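Colleague: There's a structure below that I have some questions on.
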Amino acid sequence: MTSLHTLLFSSLLFFIVFPTFTFSSTLLFQSFNWESWKKEGGFYNSLHNSIDDIANAGITHLWLPPPSQSVAPEGYLPGKLYDLNSSKYGSEAELKSLIKALNQKGIKALADIVINHRTAERKDDKCGYCYFEGGTSDDRLDWDPSFVCRNDPKFPGTGNLDTGGDFDGAPDIDHLNPRVQKELSEWMNWLKTEIGFHGWRFDYVRGYASSITKLYVQNTSPDFAVGEKWDDMKYGGDGKLDYDQNEHRSGLKQWIEEAGGGVLTAFDFTTKGILQSAVKGELWRLKDSQGKPPGMIGIMPGNAVTFIDNHDTFRTWVFPSDKVLLGYVYILTHPGTPCIFYNHYIEWGLKESISKLVAIRNKNGIGSTSSVTIKAAEADLYLAMIDDKVIMKIGPKQDVGTLVPSNFALAYSGLDFAVWEKK
């Protein structure tokens, strides 16, 4: 009887701390940038200071950097996957402490899963560095050249042909190898059960077939998962982004469908690319030929994760810095699952503005599959109604005429933006 009472209490406590989230209420937060490993006192320890603010903003899932030993300090050249004590972000104990603190605030942690490639400990004359160690006392993840794709141009192993794109910084792992599938799945499940992660951010999913992502999702049952499928967009001869990016967003949709859908989402790079061009006086871009949002959120919003910048794009494909808040006005009032970037929320002083927008989103029940009616998409004005509950506009044009009905009241406004709620 005591055991039963304990079980019932534990179950009740779980649902109090972790209410049942659907994609409609999910809100992501990327907790790091490319320089976070340099944090004095350790990144994991430093993040404790921001947990209350992150929780108060309504964040449900927090994306953490790759946790394993890595040749590169940022974590994206992992080697001994079970070794979490050699990470530049902090120790295994510090990571577990951070995740526990997040859990106590009802926030679930996502691990950055880098499995397309892996760095090795020893080399031979043919394959180069192709002898791997897993970071345990046994032979888990201790691999040799037979676990490396045989058509890797820089590290020619003896495994199966690569099922995706090449990455020349480290050997491409053969994900068709049954032992690779088994041991990586076991490692990911260990990250869940022993470390406390609830889900995954899959790095560089272009590096292996979509069926491989599907397999790891099925084998690990994450609460939430998102893949990084970053393809080039189309540009015209003048160097400007083409208006029609349907092929680009269709590629994201196809990847989701082939990888199984469900809890799996994809970063909406289409929306990011279009939005950062649109805010430069080309807001007409934000309406496709069918009158819908032009990104992935226009065709598969329930599996789209919208964002303004991340640790990579912030260095190489950055959103116009003076228009970042306009970007958040857009993604936090539109369908899809928004992801807030550490730099903008913590370092740029946008905490209050972003929190206000999140509050409006949550108050009105705007979610990943909310409806959008675009009422204006001109060079200097974009105005849309979401779920017949919220109207938003971005752009310098002030006169919106009769586009905002009298039964809507201004909820929040600033330079070149406004948000109204239904009375």
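Using N, Cα and C of the backbone, Cβ positions are placed for all residues, glycine too.
What Swiss-Prot records for D203 is active site, nucleophile. The annotation active site, proton donor is assigned in Swiss-Prot to E228 on the grounds of similarity to another entry. The Ca(2+) 1 binding site annotation in Swiss-Prot covers N116, D162, D172, G207 and rests on similarity to another entry. Swiss-Prot lists E133, T136, D138, D142 with the feature Ca(2+) 2 binding site, giving similarity to another entry as the kind of evidence. The Ca(2+) 3 binding site annotation in Swiss-Prot covers D152, D166, F167, A170, D172 and is backed by similarity to another entry. Annotation comment: Swiss-Prot describes 1-24 as signal peptide, evidence class sequence analysis.
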Colleague: Specify the nearest of the recorded positions E133, T136, D138, D142, D203 to D166 (Ca(2+) 3 binding site), where nearness means the distance between Cα atoms.
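Modeller: So, spelling it out, the nearest of the recorded positions is D203.
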Colleague: Could you state the CA-to-CA distance between D172 (Ca(2+) 1 binding site) and D203 (active site, nucleophile) to the nearest Å?
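Modeller: About 13 Å separates the two Cα atoms.
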Colleague: Please tell me which one of the recorded positions listed here (T136, D152, D203, E228) sits closest to N116 (Ca(2+) 1 binding site), measuring Cα to Cα?
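Modeller: Nearest candidate: D203.
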Colleague: Using DSSP, would you call D166 (Ca(2+) 3 binding site) helix, strand or coil?
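Modeller: Its secondary structure by DSSP: coil.
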Colleague: Around D172 (Ca(2+) 1 binding site), how many other CB atoms lie within 10 A of its CB?
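Modeller: The Cβ of D172 (Ca(2+) 1 binding site) has 28 Cβ neighbours within 10 Å.
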Colleague: Check the Cα-Cα distances from D162 (Ca(2+) 1 binding site) to the recorded positions D138, D142, D152, A170, D203 and tell me which is shortest.
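Modeller: That would be D152, nearest by Cα distance.
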Colleague: From the centroid of the CB atoms of N116, D162, D172, G207, the recorded Ca(2+) 1 site, which same-chain residues not already listed sit within 8 A by their CB, in sequence order?
Modeller: H117, C149, D152, T163, G164, G165, D166, F167, I173, H175, Y204, Y208
Colleague: May I ask which of the recorded positions D152, F167, A170, D203 is closest to D142 (Ca(2+) 2 binding site) if we compare their C-alpha atoms?
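Modeller: That would be A170, the closest of D152, F167, A170, D203 to D142 (Ca(2+) 2 binding site).
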Colleague: What does the structure give for the C-alpha distance between D152 (Ca(2+) 3 binding site) and G207 (Ca(2+) 1 binding site)? Integer Å is fine.
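Modeller: Computed Cα spacing between D152 (Ca(2+) 3 binding site) and G207 (Ca(2+) 1 binding site) is 11 Å.
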